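According to TrEMBL, the features are:
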TRANSMEM  6-26  transmembrane segment
DOMAIN    17-399  domain 'Cation/H+ exchanger transmembrane'
TRANSMEM  33-52  transmembrane segment
TRANSMEM  72-91  transmembrane segment
TRANSMEM  98-121  transmembrane segment
TRANSMEM  133-156  transmembrane segment
TRANSMEM  168-193  transmembrane segment
TRANSMEM  199-217  transmembrane segment
TRANSMEM  238-256  transmembrane segment
TRANSMEM  291-312  transmembrane segment
TRANSMEM  318-343  transmembrane segment
TRANSMEM  380-403  transmembrane segment
COMPBIAS  415-426  compositional bias 'Polar residues'
REGION    415-444  region 'Disordered'
COMPBIAS  429-444  compositional bias 'Basic and acidic residues'
Amino acid sequence: MDPVAHFLFAVAVIVLVSHVLGALLGRLGQPPIIGEIIGGLLLGPSLFGALWPSGRDWIFPPDLLRNLDLAAQLGLVTFMFLLGCELQLTTVRRQRKVVASVVVGSVGLPLVVGMVIAYAARDLMAASTSHPTAYMFFFGLAISITALPVLARILVDLGLDNSQMGALALACAAIGDGITWGALTVTLGLLTLADANHLLETAGLGLILVLVTVLLVKPALAKIVRTAEERPHSEGRLILSVLVAGALGAAAITQLLGLHPVIGAFLFGTIVPRGSALVERVCRQLQGFTLAVLLPLFFAGVGMRTSVGLLGTSPQNWLLFAVVLVAAVGTKFVGAGAGARLAGLPATDALRLGTLMNCRGVTELVVATIGWQYHLINELGLTILVLIALITTGVTSPVMRLLKTPSDALINTRSITAGPSMSSGRTLPRKEEVAADDQPLRKR
């Protein structure tokens, strides 16, 4: 078959399977992203490759998979840019004590326990070229993730997006993920640099990149947006071009520094002006194509590398999977819940917050893929992390429905975000719309 036609056919198959399963899972009360992740898994060796190996090899030959990986990287960079756009600090400032306590518990406890498990199972999950310390630290980080965009979508589905609980959960997830990405950046820097001099050089260049982005690029971008909005017929194409070019440029720079390109895209997303109707409209346009076409390619790429069959009939592998699953869920639940209680939240709210913080979703897949790409974990480690992301995300909504009370949706805190909501496809209220009765949750 003609290479271009073959590539387009493969993309069509991936997009169709992902969205059909997403729609089916959506009818069952799950976020569509669950079905899209499952679609990627089913197209890989876990099902399609097991039932019809020759068919899978014809549709997805090695040469085509390399091209799909490049397209998937573009989707991944765009997704992380949009994730950076959703990072907000409004609720963090108002509820500093609660957020700090929950973040420390929900990141710190899984990190420590994950490192212990990684050390004990290093012969099973570590890649042959893995740096031992980096491998353990990475695995701890991987199970401490909370998926901000998927969590936002779940809150919308539950009617909690404008509640105090929803605002608090999003704030904790945003800060926790920011810490995790920062720690992951340091880990990758230590892994890829040969000596201390190179490490210091890259750290210095990275610091310069952050300072230039915050002190120079941010105000320049804000001025460009203001100028565009002042025009009678504001043209969104210029802003779209600036945002995409900025995200891709920042991603390319961090790649050249020896770090992952998603880090640069995420950094650029954090400086995008909030509260701009033009930026929100442009981000929704970019979000639509990213979620509909590019991100399913990433899911398919993960699915091609993930095989549930790796667990096989080995009791040892299944025991490891069970231990990691229990540890991932338990430490996140206990860490977030205990942090909430120590900060003064009632037990029922602590239970809900612990449940919400267990949602790992697509962010976990991104982190797991980075670990595999940098030879920190092998395919068994990747498979375990992918399955944990799927399970923990899938159980979040049902458990929250059991814990939810009718009064939850009536607590109005219209301050979750002033940016475009990547998960719900709508713009959430701005900071100035905060209700007068919006006060931090307190122990009752």
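Glycine too: its Cβ is placed from the backbone N, Cα and C atoms.
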Per the Cβ under 8 Å criterion, with at least 6 residues separating them from its ends, the transmembrane segment (168-193) contacts 83, 86-92, 95, 98-99, 102-103, 106-107, 131, 133-134, 137-138, 141, 144-148, 151-152, 155, 199, 202-203, 206, 258-260, 263, 266, 336, 353, 356-357, 359, 363, 367, 370, 374, 376, 416-417, 441
Any contact between the transmembrane segment (33-52) and the transmembrane segment (6-26), i.e. 3 or more CB pairs below 8 Å with pairs at least 6 residues apart? yes
Give residue numbers and ranges for long-range contacts of the transmembrane segment (6-26): same chain, 6 or more residues beyond its ends, CB-CB under 8 A. 32-36, 38-40, 42-43, 59-60, 64, 67-68, 71, 292-293, 296-297, 299-300
Between the stretches 98-121, 133-156, 291-312, 380-403, which wins on the count of C-beta pairs under 8 angstroms to the transmembrane segment (318-343)? 98-121
For the transmembrane segment (199-217), which recorded stretch in the set 98-121, 133-156, 238-256, 291-312, 380-403 gives the largest number of Cβ pairs separated by under 8 Å? 238-256
What else in the chain is close to the transmembrane segment (291-312), if you only count residues 6 or more beyond its ends and a Cβ gap under 8 Å? 11, 14-15, 18-19, 36-37, 39-46, 49-50, 60, 65, 68-69, 71-72, 74-76, 78-79, 318, 321, 362, 365, 368-369, 372, 379-380, 382-383, 386-387, 422
Within the same chain, the residues 6 or more beyond the ends of the transmembrane segment (133-156) and with Cβ under 8 Å of it are 31, 33, 82-83, 86-87, 106-108, 110-115, 117-119, 122, 125-127, 163, 166, 169-170, 172-174, 176-177, 180, 183-184, 187, 190-191, 324, 327-328, 331-332, 356-364, 367-368, 371, 376-377, 381, 385, 388-389, 393, 396-397, 400, 416, 421-424
